[in-house]
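Features as listed in TrEMBL:
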TRANSMEM  27-47  transmembrane segment
TRANSMEM  67-89  transmembrane segment
TRANSMEM  96-116  transmembrane segment
TRANSMEM  142-162  transmembrane segment
TRANSMEM  183-206  transmembrane segment
TRANSMEM  218-237  transmembrane segment
TRANSMEM  326-347  transmembrane segment
TRANSMEM  367-388  transmembrane segment
TRANSMEM  409-429  transmembrane segment
TRANSMEM  461-482  transmembrane segment
TRANSMEM  494-515  transmembrane segment
TRANSMEM  541-560  transmembrane segment
Amino acid sequence: EKLELVDGKVNWKGETAVKHKHGGLRAALFVLLAFAFENLANLHLAVNLTTYFNGILHFEVSDAANALTNFMGTGYILSIIFAVFADTYIGRFKSILISGSVEFLGLALLTAQAHYSSLRPPPCNVFDPTSRCEKLESSDTVFLYVALYLVAAGMAGIKASIPSHGADQFDEKDPREAKTMSSFFNGLLFALCIGGAVSLTLYVWLDDHKGWDVGFGVSAIAMFLALIVAVLGWPLYRIHVVQGSSVLLELIQVFVAAIRNRNLKLPENPLELYEIDKDKEAALEDDFLPHRDVYRFLDKAAIKTASEKPNPWKLCRVTQVENAKILLGMTPVFACTIIMTLCLAQLQTFSVQQGLTMDTTIVGSFHIPPASLPIIPVVFLIFIIPFYDQIAVPLLRKVTGHVTGISHLQRIGVGLILSSISMATASIMEVKRKSVARDHNMLDALPVLQPLPISVFWLSFQYFIFGIADMFTYVGLLEFFYSEAPQGLKTVSTCFLWTSMALGYYLSTILVQIVNRATKHITNSGGWLAGNNINKNHLNLFYLLLALLSLVNFCVYLFVSSRYKYRSKN
C-alpha cells in the first residue's frame, strides 16, 4: 500500500495522492484539453493584432508591430515570476485558475473596447494618404493597455504552470509513468497546434469578417471553457505541495554570497565546502549534487566561516552552488536562441502586412485572411510531430545510438539554420512582391481593397520553413532545459524557453526602431520600415539583415554547443 502513495503530491482534499486513482494520463488529458482551449483563445491575437492596431486603432505599421511584440514579450517574460510565485506561495493548479481568470478578464475588456465606439477612434482608412485618421484618446489608450496586459499576465501564468502541473501527474521514478510523461510533452505541442489551427482560421476569419468584438468575444468564451475543463479534472489531479522556498531565490543567493565572499580563499579540498548532512536529511537524498571543478568563483558561496551565524545570503550548500553552475553553463545556449524569436516576430507582424496587399483568393470567391498563413506550419506540425516521434526518432536511434535520435543541441542547431533560410526566403519573396507592384504601377495601391496580382501563398514558403525550424529548436530547447536541469530546477527550467522568446520579441521592437533611425535619411520613405505604405518600404533588406544575423548567430552557436558538456545523470 505504501508503494501506491505518491510522495510530495496530494489530491484535491489535501490527502496524499494514490497511484491508479490520481494522476496519470487520464488526469493529464484535462490539462492538455485546457491548454488547447487557451491557445484557441489567444493564438490569433499573435498574428492578427497588428491589423487591429493599424486598421481600427490607427497605429502606424511599425508602431503596431512594436505594440504586438511588446505584448507578446511581456506574456513570456512574466512566466518566470509566475513560476516562482506558484512554487513558493499558491501552487501550480491554483496558479492556472488565477491566471486563466485574469486572461478571461482581459479578453472581456478587449471585447468591450472593440464593441463600443466611444472607446475607439471613428472609422477611417489609414492607407488613404489623403485621410486624416484620429488617434486613440489618452483614456482609451489606458483602457487598451490595461486589457492587453491583463491578457499578457494571464498567458504568462498559464505558460508557467500548465507544463509543470501536467508533468506532476507522472512519477519520474516509475519507468512506465516516465515514458508516458515524455508523451505528455509531445502532446503539449500537439494541443497547441490543434487549438492554434482553429484560432488561426476560424477566429481570424471572425476578426476580419464579423467584427473584432466577435473575435475577442469568442476568445473570452474559449478561455472560460479552458477554466471549466481544468476544474473538471480537479478530483483526478496529483497536486504539487508548495515547498515554501523558491529554487530561483536560492540561485540568486548563490551569486550574492559568492560576491560577498569574493575576498575569501577557496579551500584546496572541495570537501571542506559547506553541505548539509545526508544522514540528517534523508528525505533530500535525490537533491545532492557532487562538486565539479568548473566556475570555481561560485564555490566561494559555500565557504564556511566559524565566526558568523549561517546566513543564506552569505553561505550556501554545495548542491545550491552546483545548480547555479548548471544554469550558468546553459546560458550561452539559451542566448543563441533569442535571435530565432526575433525572426518569428516578423512573421507575425510584417509578413501579415505583406499578405494584406496580395491576392488572398483560394477557390472562387473564398479568400484566406493573411493572418491565417501561419496555419501552414501548424497543420504541418500536426502531422510531423507523430511522424518524428514514432518513426524518425527510432530510425535515427539505430544510426546514432542516441536515445532521442539526435542530441538536444543538434536538434536546436537544425532549427537555428532553418530560421536563417526562412528569412532569406522571405527577402526573396518580398523582392518578387514589390516587383509585381512596380510592374503593374500599383505602388500606391490600397491594401485589401486593391490587391496585387500575386497570390498570398507565395508567402507560405517562409512560413513552412520556419514551421520546421520551430519544431526542432523550440521543442529541442524545452527538452534540453528539462533534461539538463537538476530536480530542483525542472519547474523553473520550463520557463527558460518562454524567457528566450520574450527577449526575442523585445529585441524585435528595439531592432525595428534602430533600423528606422539608421535609415531615416537614406530612404525616400523615411526609413526601411517607416510609414503605412509597405510597397515603398525596404522590408526585403530588413529580412536580409535578419537572415545574416541568424547565420552569424548559428556560427556562434556551433562554437558554444561544441564546448558544452552534458550533465552526468548519475
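Cβ coordinates come from backbone N, Cα and C, glycine included.
Automatic prediction, not curation, is the source of TrEMBL annotations.
Sequence-remote contacts of a segment are chain residues at least 6 beyond its ends whose Cβ falls under 8 Å from one of its Cβ atoms, and for the transmembrane segment (96-116) they are 34, 38, 41-42, 52, 56, 82, 90, 140, 143-144, 146-158, 160-162, 165, 211-213, 215-217, 219-220, 223-224, 226-227, 230-231. By the Cβ criterion (under 8 Å, sequence separation of 6 or more), the transmembrane segment (183-206) is not in contact with the transmembrane segment (541-560), since fewer than 3 such pairs are found. Counting Cβ pairs closer than 8 Å to the transmembrane segment (27-47), the top stretch among 67-89, 218-237, 326-347 is 218-237. The transmembrane segment (367-388) makes contact with the transmembrane segment (461-482), as judged by at least three Cβ pairs under 8 Å among residues 6 or more apart in sequence.
Stretch with the largest number of CB pairs closer than 8 A to the transmembrane segment (494-515), among 326-347, 461-482, 541-560: 326-347.
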